[in-house]
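Novice: Dropping the structure in here first, questions after.
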Amino acid sequence: MSEFHIIKKYFSKYFRNKFNKEILGVGDDCAIFSAQENQKIAISTDMLIEKRHFFSNTNPYNIGYKSLAVNLSDLAAVGAHPIGCLLSIGIPTFNKEWLFKFSKGFYDISEKYDCPLIGGDTTKSNKSIIINVTIFGNIPNTKSMKRDNAKIGDEIWVSGVFGEPDIAYRILSGQIHNIDNILENIKISLEMPIPRITLGKELIDHANAAIDISDGLIQDLNHILEASKVGANINYKAIPISNKVIKLPENIKKYAVLNGGDLYELCFTAPLHKHDTIVDIAKQLNIKLSVIGNITSNTTLKINGIEKNYDINGFDHFK
């Protein structure tokens with residue numbers, strides 16, 4: 001099947017009628033959309049490669065879903081509302097069933113978060129499946145959450161619970177055993193993360209700095225600390241750990257909580273006087289939000305008040 005037939009059969013049929021704010025979309029040479037008044041554009045891109053970011057036997061529906069979810073998570077970290085996305089995909093062989101399931105997963109999450117596919121590219125790859133998504137969003141001109149804006153005295157918050165995706169990844173990759181047959185209960189957290197778009201938009205008026213946790217809590221929090229030229233003191237016991245992994249051996253669990261990637265929850269800092277407002281946001285959205293520490297002036301990272309050379313190396317694409 002040709003490139004153009006693939007686009008028409010598996011992508012245009014889902015997305016062609018979804019454009020209300022786009023002038024041109026899938027099937028045209030360019031996507032054209034209008035920037036809204038008093039808004040700035042947020043842009044992000046992420047690549048997923050078979051055997052590096054997903055396993056060959058992963059359900060293609062879940063791969064399609066995650067391909068867009070990880071990009072939506074980037075928008076959430078800056079408080080942006082989705083406009084649309086571009087999808088480029090390289091596949092070594094034509095597989096009708098795989099493409100149908102992949103495009104359906106991509107479509108379903110795009111529909112859920114109002115982020116239509118507005119263009120992209122398809123090609124033949126040599127061996128592995130290669131997926132790249134570029135996403136666009138709107139942010140009010142006068143607002144933003146950036147990594148370099150954490151303030152001394154800010155509380156450090158996280159959304160959700162920790163541990164599941166890293167444990168699932170390490171079981172699937174053979175690094176650890178499937179203790180108590182835990183995999184089936186946690187695999188969905190790795191393959192279908194929840195982008196915190198609504199939370200990000202609510203926080204933009206209250207948080208100073210934010211990041212999505214894609215490469216591990218310590219590594220991603222450290223990005224905020226370095227950019228803001230501040231330090232942090234973390235209370236390990238305050239980090240919310242999933243009940244599904246809480247009984248695992250401490251060394252396995254602690255690595256997953258502090259260094260495990262693929263979480264896609266938000267880590268953000270906010271002034272103490274915003275505490276009650278953020279608690280109200282958590283209740284309103286029915287999202288677990290937890291204070292795990294505070295921003296300090298000494299530019300070091302401490303856990304439970306102890307400064308040492310913590311392993312800040314979470315997920316690394318070149319390891």
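Please read every residue number as a count from 1 along the shown chain.
The backbone N, Cα and C atoms fix where each Cβ goes, glycine too.
As listed in TrEMBL for this protein:
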DOMAIN    27-138  domain 'PurM-like N-terminal'
BINDING   Asp29, Ser44, Asp74  Mg(2+) 4 binding site
BINDING   Asp29, Asp74, Asp212  Mg(2+) 3 binding site
BINDING   Thr45, Asp46, Asp121  Mg(2+) 1 binding site
BINDING   Asp46, Asp74  Mg(2+) 2 binding site
BINDING   His53, Asp262, Phe315  substrate binding site
BINDING   Gly120, Asp121, Arg147, Ser214  ATP binding site
DOMAIN    202-300  domain 'PurM-like C-terminal'
BINDING   Asp215  Mg(2+) 5 binding site
Novice: Would you mind splitting the domain 'PurM-like N-terminal' (27-138) into helix, strand and coil residue counts from DSSP?
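Specialist: Its residues fall into 36 helix, 43 strand, 33 coil.
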Novice: What are the sequence-distant neighbours of Thr45 (Mg(2+) 1 binding site), meaning same chain, six or more residues apart, C-beta distance under 8 angstroms?
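Specialist: Same-chain residues close to Thr45 (Mg(2+) 1 binding site) (Cβ under 8 Å, separated by 6 or more) are Asn71, Asn132, Val133, Thr134, Ile135.
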Novice: How would DSSP class Ser214 (ATP binding site) in three states?
Specialist: coil
Novice: Note the Cβ centroid of Thr45, Asp46, Asp121, the recorded Mg(2+) 1 site, then list each other residue of that chain whose Cβ lies within 8 Å of it, in sequence.
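Specialist: In sequence order, the nearby non-listed residues are Met47, Asn71, Leu86, Leu87, Ser88, Ile131, Asn132, Val133, Thr134.
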Novice: Report the DSSP secondary-structure composition of the domain 'PurM-like C-terminal' (202-300) as helix, strand and coil residue counts.
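Specialist: Helix, strand, coil within the domain 'PurM-like C-terminal' (202-300): 41 helix, 22 strand, 36 coil.
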Novice: Quick check for the class: what is the C-alpha distance, in angstrom and rounded, between Asp74 (Mg(2+) 4 binding site) and Gly120 (ATP binding site)?
Specialist: 19
Novice: If you pair up every Cα among Gly120, Asp121, Arg147, Ser214, the residues annotated as binding ATP, what's the maximum separation in angstrom, rounded to an integer?
Specialist: 32
Novice: Would you kindly give the Cα-Cα distance separating Asp212 (Mg(2+) 3 binding site) and Ser44 (Mg(2+) 4 binding site), rounded to the nearest Å?
Specialist: 12
Novice: For Asp262 (substrate binding site), find which of the binding-site residues Asp29, Asp46, Gly120, Asp121, Ser214, Asp215 come within 10 Å, Cα to Cα.
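Specialist: Near Asp262 (substrate binding site) by Cα: Ser214, Asp215.
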Novice: For the residue listed as 'Mg(2+) 5 binding site', identify the closest of the binding-site residues Asp29, Asp46, Asp121, judging by Cα separation.
Specialist: Asp46
Novice: If I take the Cα of Arg147 (ATP binding site) as reference, which of the binding-site residues Asp29, Asp46, His53, Asp121, Asp212 has the closest Cα?
Specialist: Asp212
Novice: Work out how many Å separate Gly120 (ATP binding site) and His53 (substrate binding site) at their Cα atoms, rounded off.
Specialist: 20
Novice: For the domain 'PurM-like C-terminal' (202-300), provide the mean pLDDT of the predicted model.
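Specialist: Mean pLDDT for the domain 'PurM-like C-terminal' (202-300): 97.
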